[in-house]
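As structure tokens, the structure follows; a few thoughts come after it.
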Amino acid sequence: MGKNVVVLGTQWGDEGKGKIVDLLTEHAAAVVRYQGGHNAGHTLVIDGEKTVLHLIPSGVLREGVQCLIGNGVVVAPDALLREITKLEEKGVPVRERLRISPSCPLILSFHVALDQAREKARGELKIGTTGRGIGPAYEDKVARRGLRVGDLLNMPRFEDKLRELVDYHNFMLVGYYKEPAIEFEKTLAECKEYAELLKPLMLDVTAELHDLRRAGKDIMFEGAQGSLLDIDHGTYPYVTSSNTTAGGVATGSGVGPMFLDYILGITKAYTTRVGSGPFPTELFDEVGAHLAKQGHEFGATTGRARRCGWFDAVILRRAIDVNSISGICFTKLDVLDGLETINICVGYKDADGNDVAPTDADSYVGLQPVYEEVPGWTESTVGAKTLEELPANARAYIKRVEALIGAPIDIISTGPDRNETIVLRHPFA
């Protein structure tokens, strides 16, 4: 029988999921996206060549791997088609292997306009969204007024529903936010073009996944963003609009939790965050600048600089519990090379010195991290392929993190290329 493996982020996103998905797809018949949209930015480096993917699953660069976009993903047709074109220009036969669930909600121009108008209106209180229409598209889905990919197949009905949606959202755009109205005819013309291009890619993804499962094929489920951005379990309201935790796999693909065999949590050896929201271990000194520079910490989707800080074992333990993590992949260990000492957050205290376990953004206010200091290392870890090649202090750091989080570190990434990896236990084994 084949195995179903989930790869997801355990922090605030940007943990290095794309590289690991690409590495593990050597064993997979299919890779599935199950939540989020083109707000994701998954960077792959193969033989020194960098590719950034936003909507298309990271298995696309592996010959013969089927790439599926499940019903939980919100699809911006213009962004998807641009991504397909870029890959085809590199010689990747995307349309042969990419299939999209007709149940995926569509992101259209008014969703983007609303997203950006809201962030503009919030001013300094903005959440820090990518401004790509993700949240408004999920809102339409939950309110049962949204248009889906499959609606493009019935254009007369689509036109009626689109007119209602444009009128509905223009009421807010013009009347409340004082922004320009979205043109119905222009939007309709764009959608007619999308319909012709997307029709050959539509497939009942849930049925396909169960066919693959029954045939004994290995399947990988690729998460976007990170567990602490989950709409339910993240640092609300500074979160994304989908379930980034393992529960989102079942709802976003139609494959139930009993069929998930291994959940791999991708975890940076330090911590980063993009945009607003609590970040207890954030560094504002030269160490923070070192992490940002060595880790090239700029968002693959937005280009925004990421906030950097020490590794936080408290938030990791929460992510491990919420996701039922089987094993951890520790990424960007090489970024810590050259640091004399390294801090690990092992708890938080409030103003009165009490131990606190925060559950939402407000409960982080005024908390101070409690650190355990461990020795760093001066030797390079870049490109190490066995545990024995790592400096003794790097191995000790990994062991200490394992003990603090209560989960095994099964994979260690020592560089951006797919071959710069130490695999201690393979998820598909």
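Just so you know, glycine gets a Cβ as well, placed from its N, Cα and C.
As recorded in Swiss-Prot, the features of this protein are as follows:
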ACT_SITE  Asp14  active site, proton acceptor
ACT_SITE  His42  active site, proton donor
BINDING   13-19, 41-43, Arg306, 332-334, 413-415  GTP binding site
BINDING   Asp14, Glu15, Gly16, Lys17, Asn39, Ala40, Gly41, His42, Thr130, Arg144, Gln225, Thr240, Arg304  IMP binding site
BINDING   Asp14, Gly41  Mg(2+) binding site
BINDING   Ala300, Thr301, Thr302, Gly303, Arg304, Ala305, Arg306  substrate binding site
### Query
What binding-site residues among Asn39, Gly41, Gln225, Leu333 are found with a C-alpha within 10 angstroms of that of the residue listed as 'active site, proton acceptor'?
Gly41, Gln225
### Message
Test of understanding: give the count of other CB atoms lying within 10 angstroms of the CB of Gly303 (substrate binding site).
### Response
8
#### Entry: Cβ-based isolation winner (fewest other Cβ atoms within 10 Å) among the binding-site residues Thr43, Thr130
Thr43
### Query
What are the non-local neighbours of Ala305 (substrate binding site), defined as same-chain residues 6+ apart in sequence with CB under 8 A from its CB?
Ala292, Glu297, Phe298, Gly299
## Note on the structure
If you rank the recorded positions Lys19, His42, Arg304, Arg306 by how many other Cβ atoms lie within 10 Å of their Cβ, the lowest count goes to Arg304
### Message
Can you tell me whether DSSP puts Thr43 (GTP binding site) in helix, strand or coil?
### Response
strand
### Message
Cα-Cα, whole number of Å: Lys19 (GTP binding site) versus the residue listed as 'active site, proton donor'?
### Response
8
## Note on the structure
binding-site residues considered: Gln225, Thr414; fewest surrounding Cβ atoms within 10 Å belongs to Thr414
### Task
Work out how many Å separate Leu333 (GTP binding site) and Gly303 (substrate binding site) at their Cα atoms, rounded off.
22
#### Entry: Of Gly13, Thr43, Gly303, Arg306, Thr414, i.e. the binding-site residues, those within 10 Å of Gln225 (IMP binding site) when Cα atoms are compared
Gly13
### Among Gly41, Gly303, Arg304, which are recorded as binding-site residues, the nearest neighbour of Thr414 (GTP binding site) by Cα
Gly41
### Summary
Students should find that the Cα atoms of Gly41 (IMP binding site) and Gly16 (GTP binding site) sit apart, in Å rounded to an integer, by 10
